[in-house]
Structure formats: structure tokens, C-alpha cells
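Noted in TrEMBL for the protein shown:
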{"type": "DOMAIN", "residues": "66-379", "note": "domain 'Glucose/Sorbosone dehydrogenase'"}
{"type": "REGION", "residues": "245-267", "note": "region 'Disordered'"}
{"type": "SIGNAL", "residues": "1-26", "note": "signal peptide"}
Amino acid sequence: MTQKILVIFMLPVLLTAACQPMPAAAAEPAVVTYTSTVPADTVTPATTATVPAATSWKVEEVVQGLEIPWSIVFTSPERLLVSERPGRVREIVNGQLNPEALYTFADVVTVEETGLMGMVLDPNYSENKTLYACYTSQDANGMFDRVVRMTDNGDSLTLDGVLLEGIPAAKYHAGCRLGIGPDEKLYVTSGDARVPSSAQDLDSLAGKILRINLDGSIPADNPLPGSPVYSYGHRNPQGLAWQPGSGRLYAAEHGPSGSDGPGGGDEINLIQPGANYGWPLVSHDATLEGTESPLIQFTPAVAPAAAMFYSSDVLPMFEGKFFFGALRGEGVVMVDISTEDPTVINSVQWIVSDVGRVREVAQSPDGLIYFTTSNQDGRGTYRAGGDRVYRIVPVYE
């Protein structure tokens, strides 16, 4: 049994040591919403005398007019693709949103939390133009999540085949986050589909983190022979991120909502192959022999979503830090995880906090941090202009 290292009970707070006072929230956020100044003694030195390091940062709006964006992927620094939960893949080029979808899934089911969700590029995208997507569909037996392979043709996408399907889904706890690890395997999160006991059932694909090869086959080194199950005992994991250097996998997960357990108990977990993360046997700060405890536990709930590690020196104040989007917590959260001890959390800070619900966070090829809002999903405060893509950019003094 892994002992809990740090439990945090907190509500969103602003980053105070490094941020200037934030402007009051308005119905329409300004193009530049935040400015943050890093203390001089924390600035990473420039790599050369002629290239100064950024000493502060700001948030810029990239585009608006989206409907429940879920994932973003970068095909170049100038071009990104966005999955919208109603089933569309949208394109943004040089800050302009293409009014036409590159692809629409005709069989997508969009009920509450279901729809088109995860999306990730193939490691060899520059050569093969391949990407992967996860969405909810249904048949006579009910709803399920499906993972597919697609080709990017530049002005459209084509569907090439199904890699994995039959992942139980429901209108809540549908999982469907995709990630490709340093091992070049495809990881897929699945929720418990409102059947908590399925998370402990190793014959079910619900309540798991799954791992498959890029052709859909089962890796020979998976912890359960012949099974895509990589870890289990999950309620609804929503974010996957690998720490640079160590290659350790961390996951962000939603805790009970009140209907299936005391509210709160959202988690950040260090994922180990074959490990049991306890749901529904334990949650919050409870422990149980044979299950893994979270590194961080949030009560009240913040609903952590997509996750990433920042790995560039363009924003040196963020290098090596873990980030996640907070839906209920409404913001972008930065976590300082020790590179020496994977179980040590040095700090947790909200660095963005007045754009509403945040789902996706992703690093662009040119070292910026992009994030998306999810204020059109029925749980946020509607903002004219629809959901947005923002980015954090450096400021040089």
C-alpha cells in the first residue's frame, strides 16, 4: 500500500507571489486577461547573452466561437485542431477559426458528458499525418466509447479504422482522454459509466486506464496478459501527463459527486502498471491495503480535466511544472512535483482564475501554453461568443 504523501483541502486561489493583482471578472474577458511577474531571483538565466529569458507572462485570447472544446493538438506552431463534444473537429490557423469542420462524426452520441472527446497525434505525424480520436457511440446494447485512427488531409480528415471499442459509457463518467507515452503506446481513460463496481472488475474496460499499441493490438508487456487494462479502480480519469526525464505517468481524476459518495475527493495520481486506485472501495483520504492513495486530494471538488507537464524554456518560470485544467475549480492550476521524489508535491497554485471552466491544457510546438474553456457545457456561466481558446505567452522586460 502506498501511503498518502500530501492531502490538500482547498478552494481555488490566485497565484500571489508571482502575479500582479488580477482585474475584476467581466462579462467579456479582455484579450489580455492576466499579467504575472516572476521575482528576479527566480528567473532562469538566458541561454545566451543575446536571448533574454522571459520575466513575466500574460494570457491572450486566440479565438472564440467554439462549442465545448475538449482536446487540442498542434500540427504546427501555426495550426491546431480542436475536438468539439458535439462531434466536430475544427481547425485554427494563425489565430483564425475555420468556419467549416474538417470532420463530423455522424454516429456520435452527445448526452451530458458524452460526445467527441480525446484526440492525439501519432508520434510520426509529420510523416504519416495520422491522429487518433475517442468518441461515444451506441448500439442496441447501449452507449460505448470508441477509439479510431484518422488521416489529416490538410483540408479534411478521413476515418481509417477502429482501434478499440466496446468501452462502457454513460451520460456521466465517460472518460475518453487519449495520450501517447514515451513508450509510443496509446493510453485511453475510461470512466465507470455510473456502475462503480465495474472499476474493480478486470473483465470490464470501465473505470480503467487502458494501454494499446498504435495498431490497436495489446502490448506484450501489459500488466494483464491479453488485456488492454493498465491500471484500474478509477472513477473518471480526465487527464494524462508524463513527466519529462523520468517518464512517470500522472493522472487527474474526478472524485464522487455526492450521488455516489461524499462530494469532493478529486485526485492527482502517480500511475503504476497493474495498480488498483481504490474506487469505489475507498475515496478521499481513506486508505485500504492493496490500493494506491492519491498524491493530492481536493475537497471541495475542483473537477480536474486535461493535464500536461511544461517542457520548454520559453516560459522559464513554468519549466518542469505539472498543469491541469479545472472545470468546477474554474482555472488553470500549476503543481510543482519533485523531480527527485515522485511522491513529493512542493506547491499547488491557481495561475488563471476568471475565464470560467477550463478543460484542455496543452503545450504548443513553440513553447506556449494553450487552454480552452468549457462554459457552454450546461454547467458553466454562459459567455457571449461561445467557448474560447487562450494561450499563455512570455513577456520580456
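Quick reminder: no glycine exception, Cβ is built from N, Cα and C everywhere.
Just so you know, TrEMBL annotations are computer predictions that nobody has curated.
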Segment-level pLDDT (mean, integer) for the domain 'Glucose/Sorbosone dehydrogenase' (66-379): 97
Apart from its near flanks, which chain residues at least 6 from the ends of the region 'Disordered' (245-267) lie with a Cβ under 8 angstroms of it? 173, 181-182, 187, 189, 194, 196, 209, 234-239, 277, 280, 283-284, 294-307, 322, 324, 337, 339, 342
